[in-house]
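**Q** So that we are looking at the same thing, I have put the structure below in structure tokens.
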Amino acid sequence: MPLKMSSFKHCVFFLVCLFLFIGDTDAWRRRRRRRAPPPPPPPQVAPVVVDTTAPTFTYCPNDIGVFYTSTTSSFVSWTTPTATDDTDSSITVETSGGLPGSLFPEGNHTVIYTARDGAGNTAECVVIFTVSVLRCPVLTPPVHGRIVGSCSRLKDSRCEFECEQGYNLTHNAPQCVVTVPNASWDGPTPFCSSSQCGADEVLLPDGQTVVFNQTQVGKRANTPIVCVTNIGVDRTHNVSRLCSPDDESGAMWSDPIYPQCSMNDSVDSTFSPVANDLSSEDATNQTRSELATFIANPDNIRLDYFASRLLNAIDEATLSPKEIFTLVDMALDINGDTFEEESTQAVSDSILSSVDTFLSRIQSTNSNSNFTYRGENLVVAALKVGRTTFPLTANIEPPSRDADDDFINLSTNGESENTGEGVSSIFFPGEVLDYLPDGNNPVAVSVFVLDSLKLFQPNSSTQDELEESSILVSPVLSVTIEGAKIKNLSDPVVLDFTVNRSLISVGAKPEIIPRCVYWERPTNVSEGAWSQEGCQTGPISSKELITCRCNHLTSFAVLMNIRAAYHSRTLDTISIFGCIASILCLVMTIGFLVGIRSLRRRLPQQIMINLSSALLCLYFAFVVGVDKPSWGLGCTVVAILLHYFTLAAVAWMGVEAFSMYLMFVRVVNSYMPKMLLKSCLVGWGGPLLVVGITVAIDWKAYQNTEYCFMNLGPSFYFAQLFPIALILTINTGVFIMVIYNLTCGRKMASMKESTAATQRAELLRRLQNAIAIGTLLGLSWVSGFMAIGSARFFFNVVFVICTSLQGVFIFLLFCVRLPEVRQQMMLLASRLIRALTCRKSAVSSRGMSTSSTSSRMTSSLPSTVTVSYSAGKSDVML
């Protein structure tokens with residue numbers, strides 16, 4: 001049984017092995033392959049759909065019309081267009097040309113909206129509109145009048161009118177009124193009505209009575225008088241009188257010009273008025289004959305009679321323009337002393353007025369042609385210049401005996417500059433066209449050049465120091481543009497003058513000061529005077545040229561101030577040496593006050609440190625950069641620093657005055673918390689605020705072509721002089737109160753019982769205190785405001801000496817007199833002497849032992865460096 005069981009097991013084992021062997025066949029493999037997962041089916045591609053449908057605008061304003069405005073631009077609004085797309089919701093809309101509610105200038109405008117979908121399809125919406133500026137109609141200048149400045153013709157604007165000499169405006173200038181869609185003037189165009197001087201009777205010095213008939217403004221009335229000569233022939237002469245315009249009455253008679261009757265039969269007798277019964281041709285021949293007589297004998301003719309005959313010739317048009325200017329040219333050959341006489345000042349002014357009137361007449365009669373005249377003493381040109389040539393530069397040759405019509409060279413757009421070969425040149429900016437009426441007419445430019453000052457004789461009442469100490473070193477250049485008064489230009493007229501140094505004496509050459517001036521005729525004053533207002537003077541270039549920049553047009557020249565130049569050089573030397581000495585003393589003052597601990601903790605010394613620092617910076621900036629205009633922007637920075645430190649120094653003087661008021665006047669309840677912090681806000685912050693506002697408002701006030709300092713003008717007066725004057729006025733009041741409390745306010749009983757020597761010492765001490773207090777408060781600066789009139793140089797010297805040496809006075813009065821400072825100075829001196837003594841002993845005893853040398857030095861020191869010091873009552877300082 002056990003055997004059978006064993007055989008059975010063996011049979012089973014055999015069958016299993018056979019089954020496993022047979023199973024590892026292809027059939028088996030096939031069965032295994034059938035068990036693997038089937039591959040995935042291929043993907044199905046969806047059909048492509050292309051979007052070709054463009055978006056559409058559901059609303060587009062298109063043409064929205066005309067928008068009227070009274071200004072040069074207008075805000076325009078419209079409803080924003082909307083776009084849709086049935087097949088695509090991702091639509092973007094782009095805009096070109098502006099957005100609704102934007103500001104659009106005058107003209108036609110197109111705004112394009114572009115809608116774009118995701119497929120790139122686009123659609124456009126075009127919005128069209130027009131911005132129209134409402135302007136009043138163009139005004140035509142009245143007869144005998146002109147439009148002043150530019151006429152904008154916009155809403156609420158006014159066009160100012162001006163009448164020629166002898167005419168008055170009938171009513172005020174109209175205003176532009178805008179009522180959409182119309183614009184019109186609120187009144188009629190003004191017209192110029194003629195003004196007249198009424199009939200007048202005048203008693204002449206020789207007893208004759210003449211009557212002047214009614215005459216229009218700008219015209220002259222001529223009345224004949226009879227003079228009896230020693231040859232028994234009665235001579236008839238004309239008395240001329242001009243009817244001048246007047247701001248109040250409209251017309252006013254000027255002083256009559258008449259020849260004094262003489263018993264001698266001189267060349268004057270050859271001049272006779274044109275008789276009424278003479279024909280025009282006979283009158284012309286007679287005037288030409290008189291002209292020939294004058295040219296042959298110019299020194300025998302009185303200027304008053306010459307002026308009368310010149311006016312007659314101009315009024316009656318009996319002479320050609322060349323003959324008229326030949327008369328004036330020959331008159332300038334007369335001895336200069338004749339023009340300087342008091343009685344001929346009105347005659348000189350009359351000749352100038354006649355020349356101006358005659359040039360205006362030439363410009364009005366010659367519409368397109370030019371007139372030029374070049375004589376020995378003058379150059380005249382009446383030119384017609386196209387408007388497109390501006391900006392314009394004109395180079396002018398000097399007067400000469402050689403007749404040359406090509407003596408004025410014009411260059412357009414400012415391309416040329418004076419090379420030094422001509423007598424002068426002038427640059428007209430394009431801004432002058434804004435002062436002319438609208439239109440394409442050529443610009444009438446009149447040029448009148450004189451080589452002497454004979455016709456420019458100031459009255460003694462209007463002559464100032466500038467003219468008394470000056471000489472003319474350039475020609476007088478008179479430039480006018482007919483039909484316009486050019487003034488207050490933002491872009492200045494630039495004039496270049498060639499300096500004639502032969503007119504300056506050799507000794508005066510280093511001391512000259514050029515001044516650009518113009519001839520001014522003040523209102524209600526018959527005679528004119530030289531003035532510098534509105535003109536800036538540049539330095540003399542290597543080509544002996546002086547550049548003048550003026551904001552108006554009139555008669556210009558260059559004067560050299562000789563006496564003031566000498567004074568200026570003296571004051572400059574004093575200023576430089578005084579400032580250098582003050583810089584050294586202020587450095588020592590700050591060093592001692594900061595270095596000594598017991599002093600730098602006191603409030604008076606802390607204020608003194610700040611005052612000394614402000615003065616030190618002021619002196620340093622002045623010495624280094626005040627005379628460096630060639631630095632350009634650096635010079636402007638120096639001017640700003642000088643402005644700031646000047647105000648800071650004066651402000652700290654004001655702080656000193658307030659501190660003294662608390663100590664010596666108020667006394668009770670004089671303590672103020674955080675006094676130093678508040679003082680710094682006033683002393684450093686206040687000037688910084690003033691300078692910052694000035695720089696922001698008027699930056700050009702610091703751009704000076706002569707020196708690095710503020711220009712004279714409103715900014716200088718309000719931001720520089722006014723704060724200084726205000727603080728110095730307060731300081732003067734504090735000075736009076738403090739001195740009163742230190743002298744008269746004290747009880748004088750002790751002085752009454754003291755000896756005479758003690759009284760003198762007390763008075764001397766109080767005088768020293770008064771000088772010290774005045775120095776500390778800057779009262780010497782008051783002398784700068786007193787430099788006016790004939791005493792100007794004296795007060796200038798006082799001002800320069802006291803202010804430039806203020807640092808020295810502070811060191812001597814408020815540093816050296818302090819006991820702590822003197823003790824420190826003695827200590828420094830002893831150390832210096834000890835160092836020098838040790839060096840000398842070491843040299844003389846070379847080779848000796850160190851111990852013996854030290855003993856000898858120690859034994860010799862006391863007799864050399866011991867200095868006794870005592871601090872008495874007189875050392876007590878504020």
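Placement of Cβ uses the backbone N, Cα and C atoms for every residue, glycine included.
TrEMBL lists 50-133 with the feature domain 'HYR'. Positions annotated as domain 'Sushi' by TrEMBL: 134-194. Taken from TrEMBL, the feature domain 'GAIN-B' applies to 399-566. The domain 'G-protein coupled receptors family 2 profile 2' annotation in TrEMBL covers 571-818. Marked as transmembrane segment by TrEMBL: 574-595, 607-625, 631-655, 676-697, 717-742, 770-788, 794-816.
Describe each of these features in terms of where it is and what it packs against.
**A** Mean model confidence for the domain 'HYR' (50-133) is a pLDDT of 86.
Taking DSSP states H, G and I as helix and E and B as strand, the domain 'Sushi' (134-194) has 0 helix, 24 strand, 37 coil.
Through the fold, the transmembrane segment (574-595) approaches residues 605, 608-609, 612-613, 615-616, 619-620, 622-623, 797, 800-801, 803-808, 810-812, 814-815, 821, 824-825 of its own chain, all at least 6 residues removed from its boundaries and within a Cβ separation under 8 Å.
If you look at the transmembrane segment (607-625), the same-chain residues 6 or more away from its ends with a CB under 8 A from one of its CBs are 575-576, 579-580, 582-583, 586-587, 589-590, 593-594, 600, 631, 634-635, 638, 641-642, 645-646, 648-649, 651-653, 655-656, 659, 676, 679-680, 683-684, 708, 776, 804, 806-807, 810, 814.
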**Q** When you scan the chain for residues with a C-beta under 8 Å from the transmembrane segment (676-697), skipping those not six or more beyond its ends, what do you find?
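**A** Same-chain contacts beyond the ends: 603, 606-607, 610-611, 614, 640, 643-645, 647-648, 651-652, 654-655, 715, 719, 723.
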**Q** DSSP helix, strand and coil counts for the domain 'HYR' (50-133)?
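**A** So the counts come to 0 helix, 49 strand, 35 coil.
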